[in-house]
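Let me begin by presenting the structure, written as structure tokens, before commenting on it.
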Amino acid sequence: MKKLKVGIIFGGQSVEHNISLKSAVTIINFIDKKKFEVHLFKIDKDGFWFFFENFNDDNVNKKTLFLLKNSHFFKKIMFFPGKNKFFIVKDSLIEKKIPNMDIMFPITHGTFGEDGCLQGMLSFLKIPFVGTGVLGSAINMNKDVMKRILFHAGLKTASFITINNYELKNFNISQDFSHLGFPLFVKPNSQGSSIGISKVNSIVELKKAIDLAFQYDKKILIEKAINGREIECAVLGNHKLIVSVFGEIISKNRFYSYDEKYGNTKNIQLIIPAKITEKQKKILTNVIKKTFKVLECDDFARIDFFLKGEDTVVINEINTLPGFTKNSMYPNLWNFSDISYTDLITKIIYISLKRYQNNKV
């Protein structure tokens, strides 16, 4: 059987660049190379694209993926609409055609990679890709829009207000947030991995948190902290969705931070599977499936939420390109659901290809 050509896209211009590289290493290590011919596409921090020529398991490792753009492993490329998509270029001249991919596997976390920009480019080039499309990616990267859609769909989310950077001078910090009450979360509107997020308990802390969040985005959210169990689950599929076991996160710190997600895990406890009743499982599964569909998700996603009391579900966020590092919840939740990393990657690719075929006009 002929192998499918899979292009793994990683890196990118966001602050999550290095996380993307770590996710790519995991996917490269675990993808079934008996079924898939792997090709690597790296986007550097300036937005230039590079192709890893002559890839094989012997010449790629974490170090080579982290090398700068002048590495001899990577060749600068350009892309064009039409039959042939990608070309290696040298001194602005086309040097070599790159084989067309059967499907792309973006693992580009954050701005420009997860917010619909990359998805729009691939759609324009008519290249199939795994994961949520332009609309769903844009919605779920924008916390403000996501929350408003959830509200209109009858799904619960934490009370919040938004501030644009040009509005801040007109806000009275001591009064305009008083109806929310402490503790509060302050978040950049369009960042992931807990980057730029603070949990605050006073006006002094709030002012500092607002300044921090505005370093990462021109719009921020100030959100009422939810007193509930922090739970995550993984979703796979499209018309027929399957939901993984649930995992609970217990942090000794103020919240589940960037450091705890990708490095220092000594202050967190991950309980997989979470201790929930069959009745709760049914309620949670129904809410998760509705959330996935309402927010225009495709193929796979991780959904984070709070469980208050016995049956109140408050949606926190949806990650349409969840991390694939060794500590990442998405693949680990499936691992506990008896789906290995390798099988999970295979399922994602085939599910995405089926969606692409079904959506052809």
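Numbers here mean position along the shown chain, with the first residue as 1.
The backbone N, Cα and C atoms fix where each Cβ goes, glycine too.
According to TrEMBL, the active site annotation covers Glu16 (among others). Glu16 (active site) falls outside any helix or strand according to DSSP and counts as coil.
Summarising the annotation, TrEMBL assigns active site to Ser193 (among others).
The Cβ of Ser328 (active site) has 20 other Cβ atoms within 10 Å, all protein chains considered. Residues or ranges marked as active site in TrEMBL: Ser328 (among others).
Around the Cβ of Arg229 (ATP binding site), a 10 Å sphere holds 18 further Cβ atoms from the protein chains shown. The ATP binding site annotation in TrEMBL covers Lys143, 185-187, 193-194, 223-230, 316-317.
In sequence order, Asn140, Lys143, Met146, Ile303, Asp304 make up the list of same-chain residues 6 or more apart from Glu317 (Mg(2+) 1 binding site) whose Cβ falls under 8 Å from its Cβ. According to TrEMBL, the feature Mg(2+) 1 binding site maps to Asp304, Glu317.
Secondary structure from DSSP puts Glu317 (Mg(2+) 1 binding site) in a beta strand. Among the features that TrEMBL reports, Mg(2+) 2 binding site is placed at Glu317, Asn319.
Annotated domain 'ATP-grasp' per TrEMBL: 147-350, in sequence order.
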In the three-state DSSP scheme, Asn227 (ATP binding site) belongs to coil
For the C-alpha pair, I'd like the distance in angstrom between Asn316 (ATP binding site) and Ser328 (active site), rounded off. 17
Show me the subset of Val186, Glu223, Ala225, Arg229 whose Cα is within 10 Å of Glu16 (active site); these are the binding-site residues I mean. none
Rounded to a whole number of Å, the separation of the Cα atoms of Asn227 (ATP binding site) and Asn319 (Mg(2+) 2 binding site) comes to 22
Near Glu223 (ATP binding site), which residues of its own chain have a C-beta under 8 A away, given they sit six or more steps off in sequence? Ala158, Ser159, Phe160, Leu180, Leu184, Phe185, Val186, Lys187
